Amino acid sequence: MKTLIKNATIYDSKNGLTGKNDILIESKQILAVKKRIKNNNYQVIDAAGKIIIPALIDIHTHLREPGYEAKETIKTGTEAAAAGGFSAVAAMPNTNPVADKVTVIEQLKFKAQNSAVRVYPIGSITKASQGKELSEIGSLAQAGVKALSDDGNPVMNSEIMRRAMEYASAFDLTIIDHCEDQNLSKNGVMDEGYYSTIFGLKGIPAAAEEIMVARDIILAEMTGCPLHIAHLSTAGSLNLVKAAKARGVKVSFEVTPHHLLLTAKAVENYDPKTKVHPPLRSKKDKDLLVEALKAGEIDVLATDHAPHTYEDKLGEFDYAAFGISGLETALGLLHHHFIQTGMINWDALLKMYYYTPGKIMGIEAEGLKQGARADFIVFNPDREWIIEPQKFKSKGKNTPFAGQKLIGKNEMTFVNGKLVYDDRGGKNEIFY
Ligand SMILES: NC(=O)N[C@@H](CC(=O)O)C(=O)O
Ligand SMILES: [Zn+2]
Ligand SMILES: [Zn+2]
């Protein structure tokens with residue numbers, strides 16, 4: 001059965017696409033994308049007024065399975081990803097057990113086979129992500145991990161990080177580091193600065209991140225290992241990465257939507273939904289990240305989707321879990337605040353949220369061209385909607401953006417040529 005999607009505005013300048021185009025798909029493939037495709041008894045979807053782009057790739061997602069299925073499962077997490085406009089996610093290894101050995105990776109791959117979106121495993125750098133002993137990096141590479149990370153934890157011991165980088169580069173794997181000096185961040189629950197003083201909460205200084213960014217850059221330079229900085233959140237980190245890039249160090253970084261949109265001031269009601277690692281930073285940090293976004297200097301956008309149960313996020317700020325559920329709000333927020341306002345265009349978004357993520361993880365990202373896998377979304381740029389966490393596919397309803405009204409929503413996600421998410425007319429349905 002061939003499906004023809006007509007009259008959409010398609011953005012994918014890498015494949016020479018801007019403006020009105022039709023797209024014809026059959027089974028898993030794009031058969032054609034061009035100005036006008038004649039209807040030859042195809043199933044037709046009229047997408048006039050809508051935008052089609054390749055479905056996004058989120059390289060920083062916590063799926064929580066195995067071990068924390070009350071927070072999220074592979075099923076609910078990938079359904080959330082489909083709803084959010086993603087065709088693929090990379091799953092962080094801080095599960096229980098940690099993804100530090102082949103059996104855990106094999107189980108994830110097996111369970112994710114029939115998910116709404118593709119799942120790429122990330123293996124841990126050290127056993128149980130404890131930072132003490134290296135994981136079996138060679139076996140993990142063979143099992144198909146796309147990168148290594150102890151996310152949730154830093155690798156505090158520089159010697160271990162050095163060896164990890166040496167092994168990782170031998171297997172062509174990128175090290176993704178959660179940069180946090182735990183001696184400096186100890187007991188901290190929000191950004192250290194004016195607001196932590198006013199609110200009487202223990203702060204995490206920017207230096208806790210920046211010291212580790214600097215150390216990792218030095219080790220990446222020494223070992224030649226590709227380094228990716230997870231959830232970069234401070235102006236100082238940004239400057240360190242820019243300087244390192246300028247001298248040829250293989251370093252990339254990601255920024256989350258929440259660090260581009262919120263500051264430490266958001267903690268004012270002591271709502272644990274604003275509690276996240278790294279913490280929401282100062283206005284100066286946020287503004288400089290937005291400047292970098294506009295200047296095309298951000299390598300990757302990623303959610304750091306960190307779902308938690310209601311109870312985990314309940315109670316006193318000091319004791320609540322760190323994390324924000326981001327898969328179902330990322331694209332809507334980015335469109336509303338940055339695309340719709342003209343700060344960035346769709347092609348810039350695709351670079352940060354599709355092409356570069358694909359390159360860093362070594363996964364296919366060919367875009368919308370004849371013969372490519374049919375992974376794309378149909379986005380309605382005019383639709384107004386309100387972020388209602390109770391409607392999330394994710395089990396994690398923990399978002400500081402609840403109640404926000406946005407313009408522009410993903411309405412259809414195609415993965416492997418299959419419609420896996422349909423929200424036309426507010427259906428909010430998953431198929432697979
Ligand atoms: N970002 C968070 O606040 N939490 C993440 C861990 C992490 O990304 O460091 C989690 O796993 O809950
Ligand atoms: Zn982290
Ligand atoms: Zn994370």
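Placed from the backbone N, Cα and C atoms, the Cβ positions cover glycine too.
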| remark: Given that TrEMBL records H60, H62, D304 as binding Zn(2+) 1, the matching residue among D151, D172, D191, D216 is D151
| For the substrate site that TrEMBL assigns to H62, L63, R64, H308, F322, G323, which of the candidates N15, N21, N94, N269 is also assigned? | N94
| Hey, TrEMBL has Zn(2+) 2 bound by D151, H178. Any idea which of H228, H231 it lists too? | H231
| request: Would you list, in sequence order, the binding-site residues among H60, H62, H178, H231, D304 whose CA lies within 10 Å of the CA of N94 (substrate binding site)? | output: H62
| task | Using the recorded Zn(2+) 1 site (H60, H62, D151, D304) as reference, state which further residues of the same chain have their Cβ within 8 Å of the centre of those residues' Cβ atoms, listed in sequence order. | result | T61, M92, G152, A230, H231, A302, T303, H305, A306
| task | Around ligand 3, within a Cβ distance of under 6 Å, which of the binding-site residues L63, D151, D304, H308, F322, G323 show up? | result | D151, D304
| request: Mind running the binding-site residues L63, R64, F322 against ligand 2 and keeping the ones whose CB falls under 6 Å of it? | output: none
